[in-house]
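Beneath this line is the structure, given in structure tokens, with notes to follow.
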Amino acid sequence: MSEQLVTPENVTTKDGKINLLDLNRQQMREFFKDLGEKPFRADQVMKWMYHYCCDNFDEMTDINKVLRGKLKEVAEIRAPEVVEEQRSSDGTIKWAIAVGDQRVETVYIPEDDRATLCVSSQVGCALECKFCSTAQQGFNRNLRVSEIIGQVWRAAKIVGAAKVTGQRPITNVVMMGMGEPLLNLNNVVPAMEIMLDDFGFGLSKRRVTLSTSGVVPALDKLGDMIDVALAISLHAPNDEIRDEIVPINKKYNIETFLAAVRRYLEKSNANQGRVTIEYVMLDHVNDGTEHAHQLAELLKDTPCKINLIPWNPFPAAPYGRSSNSRIDRFSKVLMSYGFTTIVRKTRGDDIDAACGQLAGDVIDRTKRTLRKRMQGEAIDIKAV
């Protein structure tokens, strides 16, 4: 699934204007150079856009009036709009965000010492992981840079306007929402560059996390493009189980996937030498003590910490959530091998905002529901 590289020439809107949210700093400087302006003007505008969540050129008071007028003629700052908001009893907020005639979902998760934003990268998902609600919606398209960074921009603007209520500013971003980020590299990477940029959101590379189910060629590319924290959606201790619940494993098996992870760690400073393993706990599928021993053996050569995720149900799902006692036994086995093991606290499940529950509103170009009814046919995933 290849993507055209984003440039100022291919990010114009219907009215011929360039949405500046589609441009990272290098592209923004090229844009201002083409306007006959000095590169530092790009830095000024980005600071207004991301430090102050400003989308009105007239409010950028350190930019001269002539340039502001020129910008209004050729450019705009247009983030996708929130069309629905749901608030959980635990403080989690889920926003449905309009992207064209469809919706993706973005989740704000406040904690005592941080606030994490879970961001979507695609409308739907093509990977068909059996335990994930997003995967059941099918796949429509990749999100543009402006639609990815626009989720962060919109959330930051909402949270910033609500400081009087005590909401914590966003400190962490995780690419764990709808979609597989590595199948949209050419939009995800510039968006993450803006998250890290001092004139963007200025986040530490250790506080921006990309999660992948294992698109190995793209993971190798990622290591040459950007350094961010990495989480891998493993979810199984062997290929037999993973083939069933994470079908991309049939193309890139666990051994191949973990080898790519180790290659990424060799290039990365953000991960401090270890990767986060995500492992959803499915009752009597992958949660037995024998599975824990297999997982420990599997990961012995991969420096990591392990997040055990109680499965979050959705309608018509064929699984059950592991009991607390089974999760506890599983965790103790892993810790006996010396692995740092954390049982993730479920957040936002009362508003379907928890891990694996995001669905949005997807016009399915893969016609997945129809195919499943008629043929049970699996989608073909092309390498990036």
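Including glycine, each Cβ sits where the backbone N, Cα and C put it.
In the three-state DSSP assignment, the secondary structure recorded for GLU105 (active site, proton acceptor) is strand. Neighbour density for GLU105 (active site, proton acceptor): within 10 A of its CB lie 24 other CB atoms from the protein chains shown. Sequence annotations record features per position, and here Swiss-Prot assigns active site, proton acceptor to GLU105.
The annotation active site, S-methylcysteine intermediate is assigned in Swiss-Prot to CYS355.
The [4Fe-4S] cluster binding site annotation in Swiss-Prot covers CYS125, CYS129, CYS132. For the recorded site, CYS129 ([4Fe-4S] cluster binding site), the DSSP three-state label reads coil.
The feature S-adenosyl-L-methionine binding site is assigned by Swiss-Prot to GLY179, GLU180, SER211, SER233, LEU234, HIS235, ASN312. Annotation note: SER233 (S-adenosyl-L-methionine binding site) sits in a strand segment as assigned by DSSP. The Cβ of SER233 (S-adenosyl-L-methionine binding site) has 25 neighbouring Cβ atoms from other residues within 10 Å, across all protein chains displayed.
Here Swiss-Prot flags CYS118-CYS355 as disulfide bond.
Taken from Swiss-Prot, the feature domain 'Radical SAM core' covers 111-350, and the record attributes it to sequence analysis.
Cα separation, CYS132 ([4Fe-4S] cluster binding site) to GLU180 (S-adenosyl-L-methionine binding site), rounded: 12 Å. A separation of roughly 18 Å, to the nearest angstrom, links the Cα atoms of ASN312 (S-adenosyl-L-methionine binding site) and CYS125 ([4Fe-4S] cluster binding site).
Within 10 Å of CYS125 ([4Fe-4S] cluster binding site), judged by CA to CA distance, lie the following recorded positions from the set CYS118, GLY179, GLU180, SER211, LEU234: GLY179, GLU180.
Largest Cα-to-Cα span within the S-adenosyl-L-methionine-binding set GLY179, GLU180, SER211, SER233, LEU234, HIS235, ASN312: 19 Å.
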